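Quick look at what TrEMBL lists:
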type     : residues  : note
TRANSMEM : A:6-23    : transmembrane segment
TRANSMEM : A:30-48   : transmembrane segment
TRANSMEM : A:54-74   : transmembrane segment
TRANSMEM : A:86-108  : transmembrane segment
TRANSMEM : A:114-133 : transmembrane segment
TRANSMEM : A:154-177 : transmembrane segment
TRANSMEM : A:208-229 : transmembrane segment
TRANSMEM : A:241-267 : transmembrane segment
TRANSMEM : A:287-309 : transmembrane segment
REGION   : A:320-345 : region 'Disordered'
COMPBIAS : A:320-331 : compositional bias 'Polar residues'
COMPBIAS : A:333-345 : compositional bias 'Basic and acidic residues'
Amino acid sequence: MKKAESIILLIILVFLAIFPLIFSNPSTTSVAFFAVIFAVAAAGWNIFSGYTGYVSLGYAVFSGVGAYSLALICQKWNIAGGYTPFAFVLVAGLIAAVFALPVGWIILRTRRHVFVVVTVATLFIMQLLAYNLEGFTGGSAGITLPLPSWTGDFFNMPFYYGALILLVVAVSVSWLIRHSKFGLGLLAIREDEDRARSLGINTTMYKLIALMISAFFAGTVGAMISYFTSTVFPAEAFDPLFDIAVALMAFFGGVGTLAGPIIGALLLETLQQYMSLQFSTVGLDLILFGGLLLVVILLLPEGIVPSLFKLVSKMRASHESTPIPSSSAESTDSERLAVKEGKNG
Amino acid sequence: MILECEHVVAGYDGSDILKGLSFSLEKGTTTCIVGPNGAGKSTVLRVLSGLLKTRQGKVIFNGQSLAGRSTSQILSLGIVQVPQEHSLFPEMTVKENVRLGGYLLRDNALVNKRLQEVEELFPLVKERASERAVNLSGGQRRLIEFARALMLDPTLILLDEPSMGLDPKTLKQIFDSMKAMQEIGKTILLVEQNVRAGLSVATHGLVLESGKVRMEGSAQDVLHNPEIGSLYLGGTVK
């Protein structure tokens, strides 16, 4: 199944790479940019919350730090719009990762429901700080980022491919972690933290490292979105809806899996953007979106990827357990051999 | 002597369970601890694995004191415990579970070598490698726990009631596996409610009562002691 998941991911990435060449309409590529950047967010969220089981609803703390970091870098160093700010997106990610160290040191003293509540509280503390530290963040007026001078048709392309590069990095890091000793330790923490510790796993350090890696991607996402929209405000940078959306995307696709959060983000963000465009005037988009989520939770509680894999396993098992009629046993064996040879050949 | 406990006092929430316990283990032996409920059998294992700190007394393993050492440091010294309750990670595969047993090893080649050795001793590890642990039966889980315990190539293995909740057929498999571990030179300290079965697989017996050693000796001596027989074996052994 791991191999199948890797193949699915590869197909998705190839499709995303050629997508703007097929659908070049700016409104379509704008939706695609948000879908891809949210896929980065969901993959990053999954590295900490999916692998360790610590469900964070304060992921926007780090995306907000990334957004403000890029805005302040551009403002203080007079960086003009264009390709240069993209290089600082990585710096914004690193700042968010470093910021995760003291935050994690505090919030990771809690577990389960308390941890979820503490992450939400941290988010609102950050939002309040952003509103009140006016000299630093610009308060409610926010900070304006430089606007690239690209034409309307081309404008979305650098952002889209920038987001896609981040997605490739996020997928690669997720894959490497999942197949490493470190990843095995994180999964053990998710299953039973005390047992993991009794086997010699340094659970505190592992959780902190996973949070920092996760925060790096959140920081880059925040920076990319703020550069794309050319502004950063406290309410948008530290938005609780961002957290809920990212968590839902991961759960929708399959939390803790490689491909799940990415598939969830690509489907849900595209749908949300489409519905917002089509029905936002009457608020129908939110009703439809909420209804759809309820249906998915009822029918696929584990998410798309695990449910599909379970279905495939069941079908395989039922196929293998089908009794072979004794009279035709010989012919069935030869048919099987032919099929096997056909497959190999 | 591989392990020496001298006048150990330990317990929970202010009350002492072990009240000056002293005993020693020879290398390569299997010692079965028997005794009534509350005698401190499982507490001994918790002290040795570092899950419970001693209040008084000394625990010397291979010439080194265990005082103040963390569970992972004790693991590194070569003491592993298979707890009473099932301790596999249910959603992880059998192979992942076993590999986690060697988590403290830094050399990946050594982990693979140990895995291969463990697979030879417990063929189930290879047969069900990609199966999630949750799908295994109680006895199979216990065997995988034994396999996981061997990944660090420990000197001393602590087994806390390995037969609990298992049917007689599976029980035989579990005790056969313990014999296999004996044959490769492991020292085993076993706590077992099934006194007769535990002592029959052990070389030595240790009878605990109220946190102290009431009797120690060869497993056969303990098993055939009339007093022990009447107390713990229903008075059938004379």
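Placed from the backbone N, Cα and C atoms, the Cβ positions cover glycine too.
Counted over residue pairs 6 or more apart, the CB atoms of the transmembrane segment (A:54-74) and the transmembrane segment (A:241-267) come under 8 Å in at least three pairs, which marks the two as touching. Segment contact is absent for the transmembrane segment (A:208-229) and the transmembrane segment (A:287-309), given fewer than three CB pairs below 8 angstroms at sequence separation of 6 or more. Counting only same-chain residues 6+ beyond the ends of the transmembrane segment (A:287-309), those with a CB under 8 A from a CB of the stretch are 1, 4-5, 8, 248, 250-255, 257, 259-260, 263-264, 267, 271-272, 275, 279. Of the ranges A:6-23, A:30-48, A:154-177, A:241-267, the one with the most Cβ pairs under 8 Å to the transmembrane segment (A:114-133) is A:241-267. Highest Cβ contact count with the transmembrane segment (A:154-177) among the listed stretches A:6-23, A:30-48, A:241-267 falls to A:30-48 (criterion: pairs under 8 Å). Sequence-remote contacts of a segment are chain residues at least 6 beyond its ends whose Cβ falls under 8 Å from one of its Cβ atoms, and for the transmembrane segment (A:6-23) they are 29, 32, 36, 156-157, 160-161, 164, 167-168, 171, 175, 258-259, 262-263, 266, 305.
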